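Per TrEMBL, active site, nucleophile is recorded for A:Cys431. What TrEMBL records for A:Ala306, A:Ser307, A:Ala308, A:Pro309, A:Gly310, A:Gly311, A:Lys312, A:Asp330, A:Asp357, A:Asp374 is S-adenosyl-L-methionine binding site. As annotated by TrEMBL, compositional bias 'Basic and acidic residues' applies to A:23-45, A:510-535. Marked as compositional bias 'Acidic residues' by TrEMBL: A:48-57, A:66-94, A:560-597. Annotation source TrEMBL lists domain 'SAM-dependent MTase RsmB/NOP-type' at A:214-502. Positions annotated as region 'Disordered' by TrEMBL: A:1-97, A:510-604.
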Amino acid sequence: MGRRAKRKQGEPEPLTFLPKSKSYKEDHTGKKRKLEREIDNKKVLELLNDDSTEFSENESANESANESENESENENENEIVSESESESETDSELDIEKKAHILDKEKKKEEELANAELQNNIEQMEKFVLPNTQDDENENENENEDNSDIQIIGRRIQDIVGVLNNFNKLGDKERGRSAYVEQLMKDMAVYYGYSDYLLEKLFHLFSVSEAVEFFEANEISRPVTIRTNTLRARRRDLAQALVNRGVNLEPIGKWTKVGLTVFDSSVPIGATPEYLAGHYILQTASSFLPVMALAPQENEKILDMASAPGGKTTYIAALMKNTGIIFANDSNKERTKGLVSNIYRLGVKNTIVCNYDGRQFPTVIGGFDRVLLDAPCSGTGVISKDPSIKINKLEKDFKLMPHLQKQLILSAIDSVDAKSSTGGYIVYSTCSVTVEENEEVVNYALLKRPNVKLVETDLDFGQDGFTKYRGKVFHPSLKLTKRYYPHVHNMDGFFVSKFKKFSNTFAENKENKDTEKVEKVKKGKIDENNKKNESSGKTNITKKSRPIEDELESLGLDGISEDNENESENLESDDDPSEEGSENELENLESDEEANEENCNLLF
Amino acid sequence: MSESMMRQATNISRNQLISVGTSFGKFTKSKKFKLHITALDYLAQYAVYKIWIKPNGEGSFLYGNHVLKAHLGRITDDTPQNKGVVIYSMSDVPLGFGVTAHSTVDTRKLQSTNIVAFNQADVGLYLREQDTLFAS
């Protein structure tokens, strides 16, 4: 079948959803595969002609329809060649030819259909200004193939993506690319059920076809994964025990030695005797990552700032073999119950559970060797788990969340003791994919705390973080951060960054150094600190805070410059009343944070 | 719980401290000591009298039921009546603890539906009473 290897790849593919060159190559592997493939294609074609098929099927059908188009062309070639050659072919070859003939006919039909569709698509694009409903009517008249609106939209998404992937050839230059994109985003918001705002936010993270893959991946749930509790069991023994109970599982991947993927199970996986005895915990694959990046060592003092429900905390404990001390904090008292339960169940004995607002660190306790901050986030990485995110998250959330995250990350950095012989690391992670909650927060931390730097996460897969995004430029070291996407890694969308704190102080000025030390090492009362800071820094404020603000603005970091404005306002009124022991705890918190930020501002 | 951990824990104020170390149990109003399931780790290591239950009885026990004769896999010889025992699965996984209803000799004569040991605590409690188990 060597002749088969010849294949037209350059052929324009009007309907192609995505150019899947990989799968093409795979299909070349052998005759057997090919035969199976052809049969599959037949089925697929039947499906395609069937009006009642759902979109997801259609999508795959379309892909393979394209593949099969190409195949049929090849077979045409093959036939010609084989006819001209001596007819010394076996029966099976003839079978193939027969099949090829049948396929050809169907293929022609299909192509005609496809062309007609493309025509429709272009027509529809031309009638772009028309309201949606009219568009749909048009489609219905012309196609008579789809019955429901959602299918039409699904088809149109595919079409537009196809056009955008090869805009020079297929695009309507007069309408311009942005018109297509606009229509695509409108359709996708309807089709996948996102709010327009969120869709736009996520859409711009990816290239067009990748974005569709991302949204598609969010519709599928991720596989159930469990983590072996190495304090209680070994993975091999656990796997054996679970297989005996009728669980079908397999290791997650080479990158972890404790994870198992569960495909299906005849028993509830969260209620087996092994589970209750603490041999494993249900944990998503992505939440292994920040702990692996943290790489806790034995006998260290570690803080997990937002720990519930304890998956990561117990993993840290397991890596430390129950030595040292872990402070597991969570601001939600309800959630700490599950956390405590998990900690006991898994036999973790080195953990102190507390219920503070994360921003109260390091005033509660500091000097940690490592801090894990798995920040609360909008959860745009786990939409497959919680579809309500699609509509719940508003613009407000994407302003408030990063603000909280920025406060938390500064607290986390301040809680670490840079002089620790083994540690001095901070890991910041979120289960969100938006830039606002990830790169911008990290970038903010780098600006506000010059005594930390980003280091390699030691995770050997994942995509590098953005160093610039839609006109915003971040610190170049941000490429050391890692991003994970559902459609690429088949795990929840995730972001991991690792800092190393190399000094407890970050100012040349001796006075400032002292105040920093007071704050970080001794954790004295904040009020005192503030006074000291104010006295030491007053001279610097006026001339130094302005340029920074300007710089930030030029970088496009709106949020930060806003903060700075607030600070400078606070500084102008020398006695900030909220600093003087206000009764309300929340107010206290805010003033803490302001005080912190003031500090940095002074020290810049 | 180590001393250093205790000292560290003093940094956390009373209201915010949720848990530190391991709870063994608490005193009832009648001044009796009621063991918590969280003590199982320690009890399992030092238990004198043990009961092993068959795989088909594990589920039943973990749902809070008593150990039946039919589910009894093995039992330490010369266990007296009304003694505390730690209950294991056949693969030596500690599942909970209880009190024997009969001595080893007596259990031999029992019918398969009779109770061998009363359930005091089992690891199923972690799920069943997650919210109340650790409230003080």
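Indices start at 1 and increase along the chain as displayed.
Each residue, glycine too, has its Cβ placed from N, Cα and C.
Where the annotation comes from TrEMBL, it is an automatic prediction and has not been curated.
Recorded features from TrEMBL, shown on the structure.
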residue	record	Cβ contacts under 8 Å, 6 or more apart
A:Ala306	S-adenosyl-L-methionine binding site	A:Asn329, A:Asp330, A:Ser331, A:Gly358, A:Leu373, A:Asp374, A:Ala375, A:Pro376, A:Leu408
A:Ala308	S-adenosyl-L-methionine binding site	A:Asp330, A:Asn332, A:Arg335, A:Thr336, A:Gly338, A:Leu339
A:Gly310	S-adenosyl-L-methionine binding site	A:Ile281, A:Ala328, A:Gly338, A:Leu339, A:Val340, A:Asn342, A:Ile343, A:Leu346
A:Lys312	S-adenosyl-L-methionine binding site	A:Ser287, A:Pro290, A:Val291, A:Asp304, A:Leu372, A:Asp374
A:Cys431	active site, nucleophile	A:Ser286, A:Ser287, A:Asp374, A:Cys377, A:Gly379, A:Gly381, A:Val382, A:Asp492, A:Gly493, A:Phe494, A:Phe495
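Among the residues the record lists as binding S-adenosyl-L-methionine, namely A:Ala306, A:Ser307, A:Ala308, A:Pro309, A:Gly310, A:Gly311, A:Lys312, A:Asp330, A:Asp357, A:Asp374, the two farthest apart have Cα atoms separated by 19 Å. Over all protein chains present, the Cβ of A:Asp357 (S-adenosyl-L-methionine binding site) has 22 other Cβ atoms lying within 10 Å. Taking the domain 'SAM-dependent MTase RsmB/NOP-type' (A:214-502) as a whole, pLDDT averages 90 in the prediction.
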